[in-house]
């Protein structure tokens, strides 16, 4: 029986991946450290496997070599016949799928935690591709309780179409941790320490789940993706303005109709023309310029999360 997201079996095969983007340095250096010092990832019921996801991009200190690895874990790419001309990240995605998957099968890892940094002022943010996943909701709530001085928000992002494509989608369940702001190619000590502590708390939560702890019901706020907004551009694609100073660094804060979002190079303000309040995130993220994204929009909703029952003694036994 597979330990799928809604199942009642312990999570024994866990991976922590860093360097999916080779210039997001907290995950890069944590993965490198743990590969040499894996004891920090050990818990009584499991030992998480550290993985440096994109070693070529990491060596070059670039987001990727040929294409974004974190957009490459679709069944089309994973199931394609390998050729010498394949982009590096397609080859690497297939290797990672063999190591941690195969995606969509009972042989896949139980859980992948994928580590990222952003240049945007998001603070700590968990990204879940599975809407209303009770395990991930309880995980986020646990982090909020364990780290009251570091707000941790949950962003629900369901990719367009029907298939997920991220690194953590290879496992039966998974989540991405974003921490910012940190410039590309730079390692900031306070963010390195914060990410390290959050990974420890996530592994502690999995251990408590495996040991049969019951987690009570609660209410929480989540941010649900509403799409993206591009920069103002000329017809040939060049920017004609940039993110307004009133919006810059205000991730997860309310953006109301009529408030400025861009400052044109000619001096005029561009105002938000939506008909309701939204909550922007990944504002002016450096890596998203090529994706024609100035920021993402989200709606903040409050949800009631049911209790996560404890596992039965028989199901908590390790093999």
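Along the chain as shown, the residues are counted starting at 1.
Keep in mind that glycine also has a Cβ here, set from the backbone N, Cα and C atoms.
If you check Swiss-Prot, you get these features:
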REGION    1-210  region 'Hydrolytic domain'
BINDING   21, 24, 116  Zn(2+) binding site
BINDING   63, 70, 71, 178, 288  substrate binding site
REGION    211-318  region 'Shielding domain'
MOD_RES   318  phosphothreonine
Residue pair residue 24 (Zn(2+) binding site), residue 71 (substrate binding site) - Cα distance, angstrom, rounded: 16
Overall pLDDT for the region 'Shielding domain' (211-318), taken as the rounded mean: 95
Euclidean distance between Cα atoms of residue 63 (substrate binding site) and residue 116 (Zn(2+) binding site), Å: 11
Where residue 70 (substrate binding site) falls in three-state DSSP terms: helix
For residue 288 (substrate binding site), the number of other Cβ atoms found within 10 Å of its own Cβ: 20
Summary of DSSP states over the region 'Shielding domain' (211-318), given as helix, strand and coil counts: 3 helix, 41 strand, 64 coil
Residue 21 (Zn(2+) binding site) to residue 63 (substrate binding site) - Cα separation in whole Å: 4
Other C-beta atoms that fall within 10 angstroms of the C-beta of residue 116 (Zn(2+) binding site): 26
Proximal but sequence-remote residues of the same chain as residue 178 (substrate binding site) (Cβ under 8 Å, at least 6 apart): 116, 117, 118, 122, 124, 125, 126, 127
Non-site residues, in chain order, whose CB comes within 8 A of the mean position of the CB atoms of 63, 70, 71, 178, 288 at substrate: 20, 21, 68, 116, 287
Near-site residues: Zn(2+), ref 21, 24, 116, CB cutoff 8 A to centroid: 19, 20, 23, 27, 63, 70, 115, 117, 118
